[in-house]
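S.K.: Quick paste from Swiss-Prot:
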- 1-26: topological domain 'Intravirion' (TOPO_DOM)
- 27-48: transmembrane segment (TRANSMEM)
- 49-570: topological domain 'Virion surface' (TOPO_DOM)
- 119: N-linked glycosylation site (CARBOHYD)
- 124-152: region 'Important for interaction with fusion/F protein' (REGION)
- 172-195: disulfide bond (DISULFID)
- 185-246: disulfide bond (DISULFID)
- 233-238: region 'Involved in neuraminidase activity' (REGION)
- 237-250: disulfide bond (DISULFID)
- 340: N-linked glycosylation site (CARBOHYD)
- 343-460: disulfide bond (DISULFID)
- 432: N-linked glycosylation site (CARBOHYD)
- 454-464: disulfide bond (DISULFID)
- 480: N-linked glycosylation site (CARBOHYD)
- 507: N-linked glycosylation site (CARBOHYD)
- 530-541: disulfide bond (DISULFID)
- 537: N-linked glycosylation site (CARBOHYD)
């Protein structure tokens, strides 16, 4: 039993010893933990320079500052978002359009320069500003429904005058001719001793392009010009813009018009060109072959047109009696009638007078014939000339004129030198270097003054040599490309060359007008051309007009510029 008691006592002692060391271990661990925390806190405070509780007052201020910075950053991000939207939605499409225009401009320029290099022209072709690409020689207003006369010209706009004026009282500048395609070409005649002198004159010829000023204004920039002051008396010149420069057709005159019609040989003619390098060259045409049936032959004064690698000029003059060309027209005539104003004369009498209208007494009874001359455009001037004589069952008595191309359509304007006063535009088709004319568009309110019995209101066939050159420019088209209306500047008087007004015309009536000056201001020839600034979608028309200028010369040639507006109430 004592042994058992001893065994129990020994186990109790061992248990107490274990508990004592366990307590010591726990206390030691606790002390080490507290020391570790204290050391760590001291180290952290030292490394971060921890603030005292009194410093916590500045924390709200710091938070407020941080909030301000975050708000500012968010505002900056909104600005960036706004700029991105503006760039994507607004600026990028405009930049893309401008890039497209520049590329098209470059392609056009490169095309002409390649052509010039191939033809040894020695100079690249200038081109219009990109703003005009797609706006020259195109159908500018395509509208099936609006009243044509709801389109009307603005007041005349100030722009750079690219036409030289007389500098003395006896100086005379007359007979302007203008054409525009890849460039624009202009020419007029210069006489030092009054407008009626036929013995000697100069010919001014210029080449240029359309520009847009920094403020958005349209202006015509002259890049090359020459004054042909030599022994050659060039008259009745027509000009055309071609891929090689400004091509010009002139007659060389040594006598009056009446004397020329009474002669037996054709009038000398010359084909010239002002190149992009500023050099002018010309070549005499073989008129004895080309105009063998003619006694007098002149360019139509109005511009020509570049079509199918050829330049097409209007021509008119007198046929040699009994020549093949003359006999081929014998008995042929056409009668055009005024709108809602029928001639009261007997039909047989009208036919007799219509036939006689082709042989006016002023030119000795010679048949005055309309024609069109085409010349191949190459470095060789006067190459492959082809003369087309349209039948007088389509055309009236031969007169000054103009060949125009608008879109894919070609037209011949014929001055109303005969009995028919309203402006005429013959649709023209070309094939195998020759032209075919078709029944004309007529514009009843677009008249010209004339001597009785062929005054502005005339309605019956008669034999006359009268009128004035005032060409219409095709402006408003149907969607099927047929012509609806034209722009032009006319002399609004029965008999006198007075009262210059601009308007848009349909086949019957005209729009509101823009008057050049007072109704008593003298004027003469006008030639008009329209174009569009594609960037702004604004349509402009240029009328080059001879206007009386009593201080310096009898006439001053003035380029009148208008914008075409729309009256939405019509």
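Residue positions begin at 1 at the first shown residue.
Any Cβ shown, glycine's included, is placed from N, Cα and C.
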S.K.: Counting every protein chain present, what is the number of Cβ atoms, excluding its own, within 10 Å of the Cβ of residue 507 (N-linked glycosylation site)?
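M.R.: Excluding its own Cβ, residue 507 (N-linked glycosylation site) sees 17 Cβ atoms within 10 Å.
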S.K.: Determine how many residues of the region 'Important for interaction with fusion/F protein' (124-152) DSSP places in helix, in strand and in coil.
M.R.: 6 helix, 5 strand, 18 coil
S.K.: Using DSSP and collapsing to three states, where does residue 343 (disulfide bond) fall: helix, strand or coil?
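M.R.: SS state of residue 343 (disulfide bond) = coil.
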S.K.: Please work out the helix, strand and coil residue numbers for the region 'Involved in neuraminidase activity' (233-238) from the DSSP assignment.
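M.R.: Split by secondary structure, the region 'Involved in neuraminidase activity' (233-238) comes out as 0 helix, 5 strand, 1 coil.
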S.K.: For the disulfide-bonded residues listed here (250, 541), tell me which residue's CB has the most neighbouring CB atoms inside 10 Å.
M.R.: 250
S.K.: Around residue 454 (disulfide bond), which of the listed disulfide-bonded residues (195, 246, 250, 343, 541) come within 10 Å, judging by Cα atoms?
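M.R.: Within 10 Å Cα-Cα: none.
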S.K.: For residue 343 (disulfide bond) and residue 464 (disulfide bond), determine the Cα separation and express it in whole Å.
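M.R.: One finds 17 Å between the Cα atoms of these residues.
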S.K.: If you measure residue 530 (disulfide bond) to residue 460 (disulfide bond) at Cα, how many Å is it?
M.R.: 33
